[in-house]
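Here is what TrEMBL says about this protein:
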DOMAIN    86-512  domain 'Major facilitator superfamily (MFS) profile'
TRANSMEM  140-160  transmembrane segment
TRANSMEM  167-186  transmembrane segment
TRANSMEM  192-213  transmembrane segment
TRANSMEM  225-247  transmembrane segment
TRANSMEM  253-272  transmembrane segment
TRANSMEM  340-358  transmembrane segment
TRANSMEM  370-391  transmembrane segment
TRANSMEM  398-417  transmembrane segment
TRANSMEM  429-449  transmembrane segment
TRANSMEM  461-481  transmembrane segment
TRANSMEM  487-504  transmembrane segment
Amino acid sequence: MRFEHVLADIDGFGRFQIMILTISFIGRFTLPCHFLLNNFIAAVPSHHCNINLLDDGPTFWNLSHAERLRVSIPAEEDGSQSSCRMFTEPQYQLLNNSSNVTDVPSVLCWNGWVYDNTTFKSTVTSQWDLVCNNRGQNKATATIFFMGVMLGALTFGSLSDKFGRRIMLLVSYVSGLLFAISSAFSSSYVTFAVLRFFTGFCIVGIVIVSAVLNVEWVDIEHRKLVGVIDSLSWTFGSTVFVAIAYLATDWRWLTVSVTFPLILAIITWRWMPESARWLIANGKLEQAQMYLTKCAKMNQREDLIHTLQTESLSTIVVTDRKDRTYSYLDLIRTPKMRNLALRTGVVWFCVATAFYGISFNITGFGLNIYLTQFIYALIEFPAKILVYYLLDKIGRRCTEVGSLLLVAVCLGINIVVPKGNMSVLRTVVAIIGKGSSAASFATVVLYSSELYPTVIRQNGMGYNSSMARIGVAVTPLILLLDDVWKVLPQMVLCFAALLGGLVARTLPETHMRCLPETIEDSFRLFYKQNPC
């Protein structure tokens, strides 16, 4: 007997499953906010050197603010004022429209900077002067956060396969809340970076644990719906995040605001059930019977409770020993599983690199930062609704391949389309690319959870998530390549999307197939031998 048969008897998508989805939705809301938080808390406002120490007397006092800047700060080649350099003394001859300043010495800002507070009251950039020569530290804040996410994915993936989904979800909620709130009150950049690392380490458990928990509790027919709903929770969070960021322009209050929903998630956790699949796979038949009975009662299938006996549940997993402990080593122990892990890891890396490469570039089109972020979030709704229909029409594999190739095409178009007069076309193409990258992310989460067996599914998802976070961690560094060549970042992102699409083409289709329970079941996917 398969677990899908048990679910079919007690309703694989009833009130019980809707309750699980609702609780997960609440907890997952804060994830996109934190993943995109760096776009706002580390934004770089317009700035120039602090020229107060150049004040040399009444002449300087009688100048307007614009005139003071003109005599104190050199101009760039495009005529704009330098953000990183200043004159060693006021150049009053510039007030007479003199442009011959090539021999006038200028130095790097040595008395700090003055920032434009029109858009942001305060950011970590202005808090600790992460500009000019310190620009790399500013980009590093995102990389540090996602390095924590990468290691957290590995840790929570392994621990939730060992100790259960439910308890590790609570650990992720509580620890993520504590570290995120603490980071908002950091007194130094180093403290902030360390706390952001641990924030990423902890909150990633929410997404990898809840995604698997949701899929393991629903029947085959509704797996794609659950996958899309999980993904839409991310889109909803991204959209609301723009409004929160618009209202909370101080980076400390913004961090606190997007973290508070975790308190509600902790309160609702008490109603979250453990995965019955995991309990059965680990020989905990009495607990599995308890949760399945609750499911039957809530779904109004009380007449079938008598069939949920431990003796019948023990026949669901018979191939693998229930007393065996599984680990990440099982992902590479056999050639076929090693091959699967390599392919899915590459796909996740490429999907994340392309998605966040587009998401982090919200200032690259000359639009308002809030408007760009809102459009980027909004385009995900139709993209993921389209995914819902494509997953059945053309399958998981073709949807993943097609969306990644479309991302590559959009990135390629924007490489050759010049900026300036064609900025509208570039923005439209970028928005289509963002929607396609969101579709690829929505698909790969569901797709991967269907490829890995129950006994190591959380390990598999933890590994894949860590591969994705490596991609996200290097994305800010990829965007810094524009100092080498303006189009180089776009070329790298385009190649990543293309590579991901080609590798995804080699994965087996999982449409309308039972979730594999054992490692042997996963092997049968490659030979289309596990129909339900």
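Positions of Cβ are set from backbone N, Cα and C atoms, glycine also.
TrEMBL entries are annotated by machine, without manual review.
At the 8 Å Cβ cutoff, the transmembrane segment (225-247) and the transmembrane segment (429-449) share at least 3 close pairs (sequence separation 6 or more) and count as touching.
Under the criterion of 3 or more C-beta pairs below 8 Å, with sequence separation of 6 or more, the transmembrane segment (370-391) and the transmembrane segment (429-449) qualify as touching. Here the transmembrane segment (487-504) has long-range neighbours at 343, 346-347, 349-351, 353-354, 357-358, 361, 397, 400-402, 404-405, 407-408, 411-412, 414-415, 437, 440, 444, 471, 478-481, meaning same-chain residues at least 6 beyond its ends whose C-beta is under 8 angstroms from one of its own. Against the transmembrane segment (140-160), the recorded stretches 192-213, 253-272, 340-358, 398-417, 429-449 differ in Cβ pairs under 8 Å, and the greatest number is found for 192-213. Same-chain residues lying 6 or more positions outside the transmembrane segment (340-358) and placing a CB less than 8 Å from one of its CB atoms are 331-332, 376, 400, 404, 407-408, 411, 430, 433-434, 437-438, 440-441, 444, 448, 451-452, 460, 463-465, 467-472, 474-475, 478-479, 489, 492-493, 496-497, 499-501, 503-504, 506-507, 522.
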